[in-house]
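These notes concern the structure reproduced below.
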């Protein structure tokens, strides 16, 4: 078995993704390799999407997802779109079914190059998100940061899209908040026993909103698909918008929009957006040592 595997540097709305082909191998991308790859500016990433042979009948692959700190992630919508684009280019197919630790994802590439991912049903039960305290209604939980009489952020909506999310509703530009300061405090708040993705959301119309996310295990990120889905669902759930919205991702290079629909007929959340290939190479999944195709560049030694 070769020590190296093929990988592609891709992005979904700027969300930095490494798609790693682990098919035909029993091993996995190690946390140490992930940390080494993220330490190199050329391979710095938000998520690794490792494609493994399918484990379940009717699926095309099992996707193992790692954060930039080496921890496991249950879901990554932007990364899933990148996997679809890579496999569509390889096979000529347009529709795929993936298994992750969070469940089954169905995805399709459209003629215009955008990709839709069925992210499944949202979860609202406090003990399944999970939260450390019982809440009958998780559309507004008791949590704030800042002075008691004048909090900077407060009363988020909490839910899971396969991973825990807290959506804080704000009434001014999401980029005006010091999320680099507040993000780690909220991600690791005792309310979230498995940590959480933290999103600031500003509703701009009944069909549009703007978001910015501190991603669990990755930090400030240009985009987060599952966070966009969670913001859209939470906005509809609290009556701020309808069930179909356009998400403007504030931290990504414009135009940076995702279309999110929380389907009424089956409660599934459908995310549609772009994916972009940047370059390819090979890497050692145990150490993170890598080289770029067509060059002598190498890193993560």
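In case you wondered, yes, glycine gets a Cβ from its N, Cα and C as well.
Worth saying up front: this structure is predicted, and the values here are computed from it rather than measured.
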Hey, Swiss-Prot has substrate bound by 15, 47, 67, 77, 78, 163, 215, 216, 225, 226. Any idea which of 38, 150, 197 it lists too? 197
Give the range, chosen from 258-279, 280-301, that Swiss-Prot lists as region 'Disordered'. 280-301
Given the substrate site 15, 47, 67, 77, 78, 163, 197, 215, 216, 225, 226, its other Cβ neighbours within 8 Å of the Cβ centroid, in chain order, are 46, 73, 75, 76, 79, 213, 218, 221, 224, 227
Can you give the largest Cα to Cα distance in Å, as a whole number, for the residues 15, 47, 67, 77, 78, 163, 197, 215, 216, 225, 226 that bind substrate in the record? 17
For residue 216 (substrate binding site), the nonlocal same-chain Cβ neighbours (under 8 Å, six or more residues apart) come out as 67, 73, 163, 164, 187, 195, 196, 197, 198
How long is the line from the C-alpha of residue 226 (substrate binding site) to the C-alpha of residue 76 (active site, proton donor), rounded to the nearest angstrom? 6
